[in-house]
Each structure stands twice: as structure tokens, then as C-alpha cells.
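> Pasting a structure here, questions to come.
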């Protein structure tokens, strides 16, 4: 029978000093036999997805204590990728994921906590906490702050739904008046919550449902709705139950590594492909698998992407639907239900609130389940009032969207495409693979051949795009922006948004060893591995080279001979210490970022630390 971890610091004569300190935090005699549960919050006033989380920790804590546990809250950092975008701040975004994972490990292990409730929301916070959960392998439940309501603006008498990306695109479109741009800017992000499309934050929060580590609705109930409060309350009660099952009943099936098995990773990736999730999810799933000790690789992602159809299209792929519309259509359980009917989901994987995923789908899929309470839950609607206050409204849609032929969520027979929303491409320019969000690519350019326009920084590429130096048929190559080369693997949202605003969204491609925002659409291919700074062939591309892209056949090819490529590689290696570095880029790299770059792996490994370097130093 496992012993409560917290007994290390709460029991025995030698722990009198530790108990004195625990007492100073408010613990009483009767608390020292109870599980100590870490409430891992991420409140910050810098990020709209987190501004409303200040009171959420105590909301969960009260439920934990009412159920017989002791709750202790701490906060992690949280970076807003949208605010950090387009300047040196973006260098810090991806490294913050690993810093969050480390900080959770430090706090939980230093204080011997028995379990965790992770209150996450935005881009790097959910994956950072997921990595920590797998690393620590103690009972955990995730509950997110929830998605933002979609913005609404009236242009030329027509009400248009919009989001952050619309503001970025219109800002670079000089045909848009300043007055119209001001309206869009003020309306795009109306409430607290994670940005309203299927961007990285919402994608990751949806995936926690498929992993079995969060409750139904975690990814889709808007932050402003009163129903989300119940998710926090249930999480507080359920984590105490999981603690008792593990520590008092020796039930190891409730541990994260028992839940997030290879089959669970396959389920999560299947959902990701079906819902057209952000390409960043690939990075984070691979990183989480490494922490979980699960052999899940780009090859698995490639296999899944070939067999799973795209069942859901949400902004930025379309302006018709946002996350609030996915919820109305049955949420993630609705998508999983369609995947289940298509035989594409493993029903037997356990989760934190039901016997297994199959039981959860049977209970929560609105197509097969006619329970009034379930249907009412998925009718939770946006309030339509700008606010930073959580649970501030209880509006409901009049009816659900259960049209699986023409609705937001489709069945397999009526899929948006029988090809999934993500694809892995391989070729001589990316031997270890690269990623494209096919759900955001017009099918007319799934096969594309163009001339390389080579840039060694995102800034240089943006300058060329806005300077009208990029023309139809170009392939914009942005290199030395990978995990090592950036460092930090910047998101390329501005270049893709500006290509779209210049009318080149369907006329050009973009290839990078960096990554893309979940808000990116168009023929945007990222995560080229190995990256340029790690000796990848993307570092050998020359201006004017022909690049061939073939999504249906999962191929990307630099059209030069093997001999020519070998000569270029030899010439690069001959540069010695100057090899595999950007030639003309001025960028100040702090010691903190240098430390990250020193051990970062390429994107095909999740951009995690190369632990072999640590092992070699033992």
C-alpha cells in the first residue's frame, strides 16, 4: 500500500520543525493525516486567459477541504503568446513551457504534495503542467479557465464574428480604414478566456479530455458561463477521491502514467487530427510522451494523420465557427463520439471520472445520449457582453447543433475532408519530418512548387512581405528559428497573417524550422527537423532553389541533386565554429535563453531537453 507522500514532512518526531511551519500556514492537528493537494494555479493579469483565475484556486481549495483533503495553492508563470508575438518576447514562450514543468516539479516535490489540481488555460501553461504531471506521476485533474467568447463587430450593416487573427490581418491590409480597424481591435477579444478559435490553448485544453485527465466540457465551456464553475467544484471533490483510491486502496490506475498510455496518446492525436488542432499540439504531445515514458513519435502522428478524417473546422480555418459553436455541437465528447462510431478511438483507456473513455462517451455524447441534463450542459452559450469576470452569465442556446451532415461537427461520411487536419511531410529538406495544418490549407495548393526566398530571421521575412518583395509562387523559407537556433522556436503568425493580408494566402508557401501560432492558416509548414542550427538541410537552401510540396503524398523536396546538397554541406562544415549559424542576424540572447538552447532538441522530439547530455555528465 503506497504511503501518502506528505507523511515525509508531517509525521515523526524529527518533523516537529516542519509541522510548526505547516501550522503557520493554517494547518491544525486533525489535518496531518489528510492528503495535501497542490492547487497549481496560473493566475496573472498579463494574460486574458488567466485574468479571471485569481479566485479559482480558492474555489477548488474549499471543495478539497470539504471532501477531506488539505489544499495548498501556488502559481506558475504564464506568457501570452499574442502579446509576446512579433518581437523578442516570443523567444521566451516555448522555453517557458519547460520552466513551468520544472517549477511545478520543484514545488510539489519540495513540499511532498500527494496530488494536484492543475488550473491552466493558455498556450504553454497546459503543456507545461501536463509534462509535470507525467514526470511526478501523482493523482491529477486538469481544469482550464475556458475559452473566450468570439468577438462580434458590425461592418457595412453585417454582424461578423471575429477573433485576434482578424485584428492582425486587417492591420496589414491598407484597404481597411482606421475606423474599421479600431472597431475590429476593440471587438476581437471581448471577454476573459483563451482566444476563441481552435488555436493552441483551446486545442490543448480539448486534448486533456481525450487524455482522460479532465472533465467533459473542459475545452469548450466559455470562461464567462456559470457552468464552468461546476467543473472547478467537481475537480476539487474528485481529486480527493482519486487520492483515496491510490493511497488508501492501492489503485494505481488513477495515476497519470496509467491513464496516459500509448493508447491515450493515440486517442489524443486522433482527436487533434479530427478537429484540426494547432500544429503546436504536435510539439506538446511529443514532449508529454517523453515525460510519460511513452514511445510516441512523429511516425505515429504520420500514421494517424493518414487514416483520420477532418470532422470539425473552426477559426482560423473558417469564420463560421468558434469554440463556443463546438460546445453547442456536443463539445469534445461530440467529436469523440463520431470517432468512436467510425472505429477510430480506443474506448478502453481509463480516465479521472469514469471507468474508461468509452463509458464517458456513452454518457456525454449528445447524439447517443438523450439525458436532458447533458443536453442542457452543451447548450451553454456566450453572453455577448464584454467582461473579465468568470461565471458572469448563464445564457443558453435554444437548441443543440446535432446536424452531423452540415453542422459544426460532422460524421465520417460527411467529413470536411477524408484527410485529417494535420499532416507530417518528409523529404531531403526535412529528414525527420515537418508539420502542416492541412485543415487551414486550400485544397487547390495541396501540391505546390515554388522558388525559395531565404531569410534567417522572422523579422527579415516580415520586412520583405510588407515591402512587397514576395510574389505569387514564392516559398518563404525562414530558418535558424528552431529551438536551438532562435532560440525558443518563435511562432510565425505575423508572416502568415501578412501574406494573407497582401492577397498571397493561396499564392505562396512558408517553410520554417520555427513554429506557427494556432491562429495560422495557409500553406504554412513548420517544425522542419533537424533544424538549421542542428545541421538540418533547411540550412542549406539557397535563394531561388525550387521546393516541391506534395501534401497528398506527404512529401517535401528541395530540387537539387544529392551531390549538390553534399557539396553545400561540406562547405558549411568548413566554416568551423561559424557553421550552422545565421550569417547576418543581430539578436541579443540572454543567458537564460542560451541555457535553454544548449540542451534543446529539434521539434520532432518535442523540443524537450536532451537528457542524454545530463546522463553523460553523471
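Cβ from N, Cα, C; glycine included.
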> Just to be sure I read the record right: 81, 123, 124 are listed as binding Mg(2+) in Swiss-Prot. Which of 463, 468, 481, 491 is listed for the same site?
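Among the candidates, Swiss-Prot records only 491 at this Mg(2+) site.
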> Given residue 124 (Mg(2+) binding site) and residue 195 ([2Fe-2S] cluster binding site), what distance in Å do their CA atoms have, once rounded to a whole number?
14
> Using Cα coordinates, what distance in whole Å links residue 81 (Mg(2+) binding site) and residue 517 (active site, proton acceptor)?
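Computed Cα spacing between residue 81 (Mg(2+) binding site) and residue 517 (active site, proton acceptor) is 8 Å.
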> Using Cβ-Cβ distances, find the residues under 8 Å from residue 123 (Mg(2+) binding site) that belong to the same chain and are at least 6 apart in sequence, listing them in sequence order.
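Correct list: 79, 81, 93, 199, 200, 201, 204, 280, 518.
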> Provide the number of Cβ atoms within 10 Å of the Cβ of residue 491 (Mg(2+) binding site), excluding the reference atom itself.
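The Cβ of residue 491 (Mg(2+) binding site) has 32 Cβ neighbours within 10 Å.
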> Would you mind reading off the Cα separation of residue 491 (Mg(2+) binding site) from residue 195 ([2Fe-2S] cluster binding site), to the nearest angstrom?
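Residue 195 ([2Fe-2S] cluster binding site) has its Cα 16 Å from the Cα of residue 491 (Mg(2+) binding site).
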> Under 8 Å Cβ-Cβ from residue 195 ([2Fe-2S] cluster binding site), six or more apart in the same chain: what's there?
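In sequence order, 48, 49, 82, 147, 148, 163, 164, 189, 201, 202, 518, 519 meet the Cβ cut-off.
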> Identify, in sequence order, the residues in the chain of residue 517 (active site, proton acceptor) that are 6 or more apart from it along the sequence and have a CB within less than 8 Å of its CB; answer 'none' if there are none.
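Listed in sequence order: 81, 82, 85, 199, 200, 278, 280, 491, 492, 493, 496.
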